[in-house]
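Shown next, in structure tokens, is the structure this report addresses.
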Amino acid sequence: MITTDLFTRGWIFIRGVPAMKFLPPEGPPEIAFAGRSNVGKSSLINALVNQKGLARTSNTPGRTQELNYFVPDGFSGEGADLPPMALVDMPGYGYATAPKEKVDEWTKLVFDYLKGRVTLKRVYVLIDARHGIKAKDDEVLSLLDKAAVSYQIVLTKTDKIKVAGVPRLIEETLQKIKKRPAAFPFVLATSSEKGEGLEELQAAIVLAANGG
């Protein structure tokens, strides 16, 4: 049984996956993070495990170009000594100035992963609280619905908007996703900078990884 204590361990980067053939063998449950470029995926992963330098953060949109795998330290990965869970930082989408060929490569990798990974238990789709769900986000949500991959919306950077605006934004977001078949009907609000909402997200991840 996976518990939130897992987030207090040291975590390590184990591999970057530029193409499907480089994926690790299917084993422990995987929890993936998707979102627009610079939505704060890497910062949120670092905050979740309280390790500032684990996932590389960058002011340059499109920095994450691979599926980056992170697991708790202390497991050999051999035989039965597998980590109980893996976190996967996915390439950001919606970065318009990247070369089209590169964007197409990222897109194919992400879509193939979402459709074909049996051990993927949930995707957390990160939405910048300042902007809400945009057209490109809707495209990704539609893909997840079509692939029947369970996903949950996580609002990021809530410290950048007025406190009173957060409940309203949560309700607006719920209304936008209520008819989507694969959407988990609960929206989480987080701030990596302030440490807000992290315990709730950790609990949600554990529940999803345990099959809930």
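Even glycines carry a Cβ here, placed using N, Cα and C.
In Swiss-Prot this protein carries:
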BINDING   35-42, 62-66, 89-92, 156-159, 190-192  GTP binding site
BINDING   S42, T64  Mg(2+) binding site
DOMAIN    27-211  domain 'EngB-type G'
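Distribution of Swiss-Prot features across the structure.
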residue	record	Cβ contacts under 8 Å, 6 or more apart
G35	GTP binding site	K41, G92, Y93, V125, L126, I127, D128, D137, T156
E66	GTP binding site	G16, V17, P18, P91, L109
K157	GTP binding site	G40, D128, A129, R130, S191, S192, E193
T190	GTP binding site	L44, A47, V154, L155, T156, T158, E196, G197, L198, E200, L201
N38 (GTP binding site), number of other Cβ atoms within 10 Å: 20
Per-residue pLDDT averaged over the domain 'EngB-type G' (27-211), given as an integer: 91
Secondary-structure category, per DSSP, in which P91 (GTP binding site) falls: coil
Other CB atoms, at most 10 A from the CB of K41 (GTP binding site): 27
Number of Cβ atoms other than its own within 10 Å, given for S42 (Mg(2+) binding site): 21
Other CB atoms within 10 A, centred on P91 (GTP binding site): 26
